[in-house]
Each structure stands twice: as structure tokens, then as C-alpha cells.
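Notes for the one structure printed next.
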């Protein structure tokens, strides 16, 4: 009887000891996040460089999809929501279509999407970087313009992915400094 009670106590104590360690690990990953951000942005840029030429050659339109108003939203009070919506837009609307345009680039677009998913996951874990729910008008404008461009919208959105990375960087730099 005593040995089973002792075993229960050990299991309970092990569980109690493990819990604070998990919280510390999460906190540590958030404190290290600003230092890891340049690496994550570099990974995004490297992945994009593998498809950039393909999409920019196919993009025959003179207009800009990712306008300055989007960057202003990223820098303003809607920054969190604008970033969240744009990541979702690229992952759910742009990249699935982009993967289907050429079998040679499908793997590279998929890799780019995985890097973007990793960034989104890390942002969500560190709530100070993505604590939002409001809608961004600039993101709605991007989505509407994308829809109007129909098939050409994929080329436009993918050819401007580097601008999106720059906007992510501007938002994150601002959040880290605050």
C-alpha cells in the first residue's frame, strides 16, 4: 500500500515539475523570437527567390497589388490584423492557385507556404505580436483587386511576395521596438 502511494506522489511531483518548465520554454521562445525573426525572414526570402522569376515573368500587369496603404495598416493600429489576414490570404487563396500553374514550381511554392505557416505559428505563440481580431480595409482592397484580376491575380500576388515580406519585416521591427 505504501509503495503505490509513494508511486502516486512521485508521478504527481513529476507532473508538477514538468508544468513550469513548459511555460518557461514557451516564454523563452517568445523572448528569443526577435532574435530569430531575421532568420525566418531570410528563409522566406530564400524560398521566394526560387519562384520569383517565374511569377514576375508571368506578371504582365503594370498596377501594384500591395499598395502603400497596406504598409500603413501594418504600421498602424490595425497592423496585427492586417498581417494576420495577409498571411491567411496568401496561404488560402494565392499559394494554392500558384502551385497549380507549373509542376516545376509546385514544390517551391509549397516550401514558401510552409515557411509562412511557421512564421504564423510563432507569431500566434507569442501573443504580443498577433493579438487581434479587427478587419483591415487595405487587406480587403488587396483581396478585391486580386479577385478582379482573376487568373492574372496569382501572378501579380506571387510576383509581389517580396513586398509582403518587407511589410512583415516593418511590422515586426515596429513591434519589437515597442
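Placed from the backbone N, Cα and C atoms, the Cβ positions cover glycine too.
As given in Swiss-Prot:
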- 30-126: disulfide bond (DISULFID)
- 80-132: disulfide bond (DISULFID)
- 134: N-linked glycosylation site (CARBOHYD)
- 1-18: signal peptide (SIGNAL)
Counting Cβ neighbours within 10 Å across all chains shown, tell me which of the disulfide-bonded residues 80, 126 comes out on top.
80
Rounded to the nearest Å - Cα separation of residue 126 (disulfide bond) and residue 80 (disulfide bond):
12
Residue pair residue 30 (disulfide bond), residue 80 (disulfide bond) - Cα distance, angstrom, rounded:
16
